[in-house]
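According to TrEMBL, the features are:
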COMPBIAS  1-11  compositional bias 'Polar residues'
COMPBIAS  17-31  compositional bias 'Basic residues'
COMPBIAS  382-397  compositional bias 'Polar residues'
COMPBIAS  398-410  compositional bias 'Low complexity'
DOMAIN    141-352  domain 'TLC'
REGION    1-31  region 'Disordered'
REGION    357-426  region 'Disordered'
TRANSMEM  104-126  transmembrane segment
TRANSMEM  147-171  transmembrane segment
TRANSMEM  191-209  transmembrane segment
TRANSMEM  216-236  transmembrane segment
TRANSMEM  325-344  transmembrane segment
Amino acid sequence: MSRTSTASGDIQDSKAKRQHNHTQRPKRRKATAPVFDGFVKALRLQNYFQNDKDLSLKIMATVFLGSLLGNSFCRKMTTITYRFAEDADKNWWEARFLKGWDDLAFVLFWIVAFTYIRAVFMKGYFNPMGKRLGIRGSKLERFEEQAYILVYYVTSWASGMALMYYSPYWLSTAHYWIGYPHDKIQAPYKIYYLVQLAFWIQQIYVVNTDMKRKDYWAMLIHHFITCALIGGSYAFHLTPVGNAILVVMDVSDVFLAVPKILKYQGYTAICDYLFGLFVISWAVTRHYLFPLIIMSVAQEPQKLMDMSWDPSRDLFFTKNVQNGFLTLLFGLEGVLCFWFLMIFKVIYKMFKSGAGADDNRSHDEDSDEEEVHGESKEKSVVTESKTTTAKTPNGSVTMTTTTTTTTTTTAKEAKTNGVHRVNNKN
């Protein structure tokens, strides 16, 4: 009977050990996008995607070298083309430029450039900055991303606002259509538009290689619609409308990035106030000003321009083209409404539980573990086995009692104190 009881205790102890090891095993990070991952593996490109900075830098260096050696394609990638003949004597920033297929080479270069710039800013500048501020774990990666996003959107919004402020269509939707086609644009305008297109194409790559978000599909749809609108408005000479939409969209992203960065540093009080400003800016820009632009696209072209198809005169905006743009614009507004619903959920959670603002769009699907001051909590199973021997008239009987206790500790405490399993031998 003593051997049987001891064996039973060993079996229970072994099960508890396996349970302990299973609990301590770190979570495996989910693949970001199964379709994209399969495509990358099929082409054996996974090694290249592991270091965006090195690969993009090599491509950029090759392009610059080719441009210096006189390669025509490399020159198209690094300079804007189609300079208007009548402006040949003007400075390049004052000259007007036409549009053409060679502009895609410039866009391609900036897609690669943004991959390099993003890696340098996030890992070279914002990663050490976040560490100095005491940010650790998954919050550090989010801090890097939001800091980079803040830098880009501030630059993008300021550039777009400057172009719009000095244009005829400043606060006038009618001038989106007066003077159509807008086929000749100045150099800063052309660079701004093509760089914006490159950024959003590169964001499709980013959303498929970073940690998967809860709104992954909404984000992917948003990026594809945005690229279609920017590219389509450029090709069909509707750049004034595109400029206005980009300015309207960028400003609320600035108001979103700032409170998120402060939240990762622990400034929850001011973060909640700034989140309120973000909600107001989102509602005004994306659900008031943006619908006004959609109404302009739907109603004003018929009154102010010739809606005919005549490539010889660069006229491309017909009724069918208008319907196509309206479909994309309403689709984009649908995605924005979906996100606004998620924002309302955050607001409801704030008033119901008293918790601080937290943009739940940014969390990946594996981030359901709790975090306290940047330290992830870990559940540990402690198994204690106690063996006792009791004397009976027929002899001694050995009995083993196994107790399993579940405790929750922070990663820092676990590293300091450790989790020990106590085994008392016979």
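Heads up, the Cβ atoms here are built off N, Cα and C, so glycines get one too.
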Contact yes or no, the transmembrane segment (191-209) and the transmembrane segment (104-126), 3+ Cβ pairs under 8 Å, gap 6+: yes
Intrachain residues whose Cβ lies under 8 Å of the transmembrane segment (104-126), provided they are six or more past its termini: 52-53, 55-57, 59-60, 63, 73, 76-81, 143-145, 147-148, 151, 194-195, 197-199, 201-202, 205-206
Mean per-residue pLDDT computed across the domain 'TLC' (141-352): 95
